[in-house]
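Features reported for this protein in TrEMBL:
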DOMAIN    A:2-339  domain 'RecF/RecN/SMC N-terminal'
BINDING   A:30, A:31, A:32, A:33, A:34, A:35, A:36, A:37  ATP binding site
Ligand SMILES: [Zn+2]
């Protein structure tokens, strides 16, 4: 699969731009703030219907304008797929595939896989469990329709249950009969989702270990500890026993929204015990393993977006990552770099079709 | 939109408050009325006013009615042992139009949704229980059909009502959901198809 071209209108700092891409390597060069990352983000929009950086669509409209459009043509197994993403302030976002609008955005997820690597972004390791759940949810949703549907249902029932608990708290009275349908759904969906998360890690973790070794050159053993109460024996009775606590705290205190994925190095949390370099390698390995899992399941190599890797990684890690590129591990590649000579130097030796684009204040020109 | 007349502007504004009617459509309707005889507008306003002032809701099933008890609830040929529970009035009309159902109805007026502040007390759920409990011996209710929307809210409402009905010891059923007539399996969405398989029915070749 690859993206043949993209057309932007009033997207972030772009007024109008139209770019034709190489099937192999595309490198966006230009000073910081010129719009390199925004172009990567536009590709993310086409693949996943949303920004990788800013979840609020409104904030992705060019300053003082009231709509944006991102259009692109993909080649998927030889079939042409045109995707149009249209967002007008105050209206519902529209996503159109070959002239037909999707009823639900979620129907598009999984068709055009994409992986974005921003090595400086160690929030996956450093932030709270929500970031990590989002990462795995996002991945599983692209791979498994049942997971996506269960998660949508779960999120909805959780909102309803929490609203109900708030009302109970205000009235000072718990209504067991009324909350029962929500509790039942949440317990059932928690078990199903936790099971899918658990099974997925059995496949994902070995890939992660492999890529961590490749990128870091370390011999340290890494692992993921999946922490959940939802697969324990007697989960249902614990859940019910916990309702007293729900009532006091005015929200649901058990379920898969409390799970965590603890990243470990030599059996210690990498958050506390990993060096900066180890954390960066870990983040890259997480994304590369994601790439490989998508490739295996979806039978097409995902688009890979590499944001600012040459600046944020040391030479050894860049060299090992580029070896993977040279070995044709990846499909279509998009790279952003503030220093054109550097990326040209690194990419020149590749046996691949490589195109450079100069980005200046939201204008794109071919450059070589 | 700028109007040459305040009278037209007021009429358009009022008209465009109706669902599905934009300013342009409203203007077209207003101008249309102006071209017709005055009596057309008079009859329309009279009908609307009468509708608003005289409309009643059936005391038993909460369907729309001209009288205290609606024509379905009064119908001599209706089967009083079955009550079909629906979300709202249009659902009654839809089921009536199938001509496949001879029982009675019960209109809830919505489904339970805590986020929107709709709980059982905002709906006609207790009135359904009362109705079943108080039915005269000859009108004893034997079955309740739940015909609520196939949404998460519809399903939780069905579950809640089913639990409540358990104590009254009557049969509860829900309308079947599945492949539309003439529908191809491969074009049916996965959730519907999955559910159709889980709730499959016996097939008899008699
Ligand atoms: Zn009635």
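Cβ atoms here come from the backbone N, Cα and C positions, even for glycine.
Taken as a whole, the domain 'RecF/RecN/SMC N-terminal' (A:2-339) shows an average pLDDT of 93 in this prediction.
For the binding-site residues A:30, A:31, A:32, A:33, A:34, the ranking by surrounding Cβ atoms (within 10 Å, all protein chains) places A:30 first. Other than A:30, A:31, A:32, A:33, A:34, A:35, A:36, A:37, the residues of this chain whose Cβ falls within 8 Å of the Cβ centroid of the ATP site are, in sequence order, A:38, A:336, A:338, A:359.
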